Amino acid sequence: MYLSSLSLRHFRNYIEQHVDFSAPKVILVGQNAQGKSNLLEGIELLSTLRSHRTSRDQDLIRDAEPIGQISAILERQSGSVDLKLTLRSNGRRTVAVNSEAVRRQLDFLGNLNAVQFSTLDLDIVRGGPAERRQWLDAVLIQLEPLAAYVLQQYQHVLKQRNALLKQHRVHGTPLDPQQLDLWNQQLATAGVRVIERRRRLLERLAPLAAHWHSRISGHHEQLQLVYQPNVEPEPQSPEAAQSHFLAQLQDKSTAEQYQGQTLVGPHRDEISMTLNQTPARQYGSQGQQRTLILALKLAELTLIDEVVGDPPLLLLDDVLAELDLNRQNQLLDAIQERFQTFITTTHLGAFDANWLHAAQILTVESGRLVWPKA
Amino acid sequence: MSTVYTRPLGRLVEQLQRLPGVGPKTAQRLALHILKRPESEVQALAQALIEAKQQVGLCSVCFHLSAEPICDICRAPNRDNSVICVVADSRDVIALEKTREYRGKYHVLGGLISPMDGVGPDQLHVQPLIKRVSQPQVTEVILAISPSVEGETTTLYVGQLLKPFTRVTRIAFGLPMGGDLEYADEVTLARALEGRRELE
């Protein structure tokens, strides 16, 4: 897919900006805090309806404005799609596809697929299990729109169940065994769905990531991604998986009541990442960790391409200049002309000449795009 | 904001704004409209508000909204005594009544089990329901509760309690009538698939 134009209205520090994209590689150059990342964030929002920088719509709207808007024309293999997201400083956001309002946000997701790569992504390796789950779930939602619902459902049951356990622990409310039993069942049903989807996804993602890591590291390193679920999946039958889940809850019931929170379930999953059998988190060097993230992102890119059947966009936020020339070239080699790529940077100096070749270069200055003189 | 309006008008706008679905603009429109109407009409509105609040309570049998101690539906002689439809809210009774297809009685729980909001079975009208269902003339209880996380838990909870007494059924969930399969959303479709039935 290919983004042919983007309009930002009262979005972050943009007042009114329209831009037509004319090349598969778009480079946004500018000083810090001019609005380069904001533009990529706009594309990210159209893709996932989420921003990795904030969860409040108010932050996304230009100061003192009631409404912010992001719209884009996307060329897909199946035809051209018109996407529009309207944000309100006090109110719900609305979305429209081809100028028609879409009631449910689920129907909006999946139109624009994008892989985001920013400096924050290093947390996938360096951070805790929550960061890795968040990464995996974001990929999942892009590939299976229904996963957004499944994950949300699980979180909701989890919250209710935690509230029940907490009432018991904090206020000494007697725990109604019958009610707890029902929340257990609901948790197990929703939890098994999450586990199964995560397992399936990692099974496909792991070999791709290993392939890319090996290639970028010059075949010196072997990357292994292993799903370490809190409750083991039983792919043969969901019933078996559920009873297994319930048995685990039973085992931990005393501890749960003591701590007042749910201790069993996919909210405690981990995804282990090892390089040559050594945990990448503790032992990987900066360079190795960067290579690993790059491999993950390329795996995402190729998997989405394969599953959706249309190459996703690649958003590189301030990361390209941090890669050495060898990794830059590996990345360039991988994306070629197939994946439309948006790159932000403060200076063009660190780029290999091949990147600049045939790229559309735009300068960003305090919320405005400046076209180079022809 | 309130300085824009002269004081009594400001109070009216503020009160109207507390109503569900009414924002500042609608509140202002309604307030200005009310000021334009003849005083008798405004009196009637004010009186209707007060009277409704003072007179409408809950039916002592089914907990539906009622001005009488026992509501019209519970008192109706031509309605089927043997079937009780359990719903979360009085709104649901009104929705089901509009279909004119159901001739049994109702029972309003008054909410759904939700630990986050401090609502457990004790806060709902569950005990009176058990008492009603234990009467011999009741042959079926229909659970008509929305398929949300809380609704599901409530359905299962109430279902377990009532099963020893009578036959318990729940309404089906799935595709809207007159809708094309391709236009159904994924969640509804997945749900409909889950609840598939043998072809008779």
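Backbone N, Cα and C atoms are what each Cβ position is placed from, and that goes for glycine too.
The model shown is predicted, which means the values in this text are computed figures rather than measured ones.
The average pLDDT computed for the domain 'RecF/RecN/SMC N-terminal' (A:2-347) is 91. Summarising the annotation, TrEMBL assigns domain 'RecF/RecN/SMC N-terminal' to A:2-347.
Feature annotation from TrEMBL assigns ATP binding site to A:G30, A:Q31, A:N32, A:A33, A:Q34, A:G35, A:K36, A:S37. Annotation for A:N32 (ATP binding site): same-chain Cβ neighbours under 8 Å, separated by at least 6 residues, are A:T346. A:N32 (ATP binding site) carries neither a helix nor a strand DSSP state and counts as coil.
Take the CB of A:A33 (ATP binding site) and look out to 10 A: across all protein chains shown you find 11 other CB atoms.
A C-beta separation below 8 Å, combined with a sequence spacing of at least six in one chain, links A:Q31 (ATP binding site) to A:T346. Taking all protein chains in view, 22 other C-beta atoms sit within 10 angstroms of the C-beta of A:S37 (ATP binding site). Shown in sequence order, A:N38, A:T344, A:T346, A:V364 are the same-chain residues outside A:G30, A:Q31, A:N32, A:A33, A:Q34, A:G35, A:K36, A:S37 whose Cβ sits within 8 Å of the Cβ centre of the ATP site.
Taking Cβ-Cβ distances under 8 Å and a sequence gap of 6 or more within the same chain, the neighbours of A:Q34 (ATP binding site) are A:N13, A:V364, A:E365, A:S366, A:G367.
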